[in-house]
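Features reported for this protein in TrEMBL:
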ACT_SITE  151  active site, proton acceptor
BINDING   12, 13, 14, 15, 200  substrate binding site
BINDING   101, 102, 103, 104, 105, 106, 107  ATP binding site
BINDING   107, 139  Mg(2+) binding site
DOMAIN    3-34  domain 'Galactokinase N-terminal'
DOMAIN    70-158  domain 'GHMP kinase N-terminal'
DOMAIN    260-340  domain 'GHMP kinase C-terminal'
SITE      6  site 'Transition state stabilizer'
């Protein structure tokens, strides 16, 4: 089985607010391969980490002290919750090339790949959407990272050469082709981040407080006009919560506008929306760091108006993403190589990606 990582083009921190996102699956991911055993035992080997985990499905699954192993155990635990008869043992090997702690969803691609393996192993009636939601549940409740559902959904449902607008409430999707002459560029700042701790969960709580203020289930239900009408009232109560809400409400609208811009092949408009998204993450949601802001500045200089760049992922480090004409790729690479390390002391990693297919079986046996 192979499940891709992802990059989110626009729509940040909107997924857990029941909002809109527009990611694509990328050509970096997680592969798992395994064989059936004749008992209930699982032996799992993480090739990249050179670490092992063993457990048995004839007893309740406990958490492991190894963080990576909990992504595997969590998925299996929630599959068992749905299919208590799933106690089939297996030997499993995991390998991947999604950079860890980059914000490109190495964890979601692992969860989705393991979920697909279990589906095949047990001949379970699980759709790719089911597999994605089980992966999210594993990350939320077993690993302890309060993520939304976007990362797992795009890893499961991605379409080759397309961005996928996802409605995180209804789970409806709309595929939009990536224009042929446009590259998806990802630059890893190599500023480490860890979503399981503090800041991410704090943002989520602030969004819930804002939804409560507006009397709605989630910030998805607040229009731009409704927000502006009561913005000063919320600011007086809690200026930080007002800023967080402003980002989410405006970002949802930006995703919808970005779909239209892409359909019209309007890279200038798309670039403006990506720029506004980054400014909002920096100023209102406060999730960028100086190194990321600097990378965005450098890339934007090279791209000009015909394309856009922004931070992508949960924040506090990680990556930037750019959509730019292919003939700008070398200029973006050069301006960053010439300046980023000199100024920050960190060496970037530069990827030119293609929008890829979601989870699939590779070379199944005849």
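For all residues, glycine too, the Cβ spot is worked out from N, Cα and C.
It should be emphasised that the depicted structure is a prediction, and the values quoted were computed from it without experimental measurement.
Distribution of TrEMBL features across the structure.
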{"residue": "6", "record": "site 'Transition state stabilizer'", "Cβ within 10 Å": "33"}
{"residue": "12", "record": "substrate binding site", "Cβ within 10 Å": "27"}
{"residue": "13", "record": "substrate binding site", "Cβ within 10 Å": "27"}
{"residue": "103", "record": "ATP binding site", "Cβ within 10 Å": "29"}
{"residue": "105", "record": "ATP binding site", "Cβ within 10 Å": "31"}
{"residue": "106", "record": "ATP binding site", "Cβ within 10 Å": "23"}
{"residue": "107", "record": "ATP binding site", "Cβ within 10 Å": "28"}
{"residue": "139", "record": "Mg(2+) binding site", "Cβ within 10 Å": "27"}
{"residue": "151", "record": "active site, proton acceptor", "Cβ within 10 Å": "30"}
{"residue": "200", "record": "substrate binding site", "Cβ within 10 Å": "20"}
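Residues 90-99, 104-106, 108-114, 116-117, 121, 146-151, 154-156, 158-159, 162-169, 176, 178, 184, 186, 203-204, 207, 211, 217-221, 247-248, 251-252, 254-256, 258-259, 273-274, 277, 281, 285, 287, 310-315, 319, 321, 323, 351, 353-359, 362 of the same chain lie 6 or more positions beyond the ends of the domain 'Galactokinase N-terminal' (3-34) yet place their CB under 8 Å from a CB of it. For the recorded positions 6, 15, 151, a Cα to Cα distance of within 10 angstroms from residue 104 (ATP binding site) holds for 6, 151. Annotation note: residue 6 (site 'Transition state stabilizer') sits in a strand segment as assigned by DSSP. Residue 14 (substrate binding site) counts 28 other C-beta atoms within 10 Å of its own C-beta, drawing on all protein chains shown. Cα of residue 106 (ATP binding site) to Cα of residue 14 (substrate binding site): a distance of 20 Å. Residue counts for the domain 'GHMP kinase N-terminal' (70-158) under DSSP (helix as H, G, I; strand as E, B; rest coil) come to 54 helix, 7 strand, 28 coil. Around residue 15 (substrate binding site), the same-chain residues six or more apart in sequence whose CB sits under 8 Å from its CB are 21, 147, 148, 149, 150, 166, 168, listed in sequence order.
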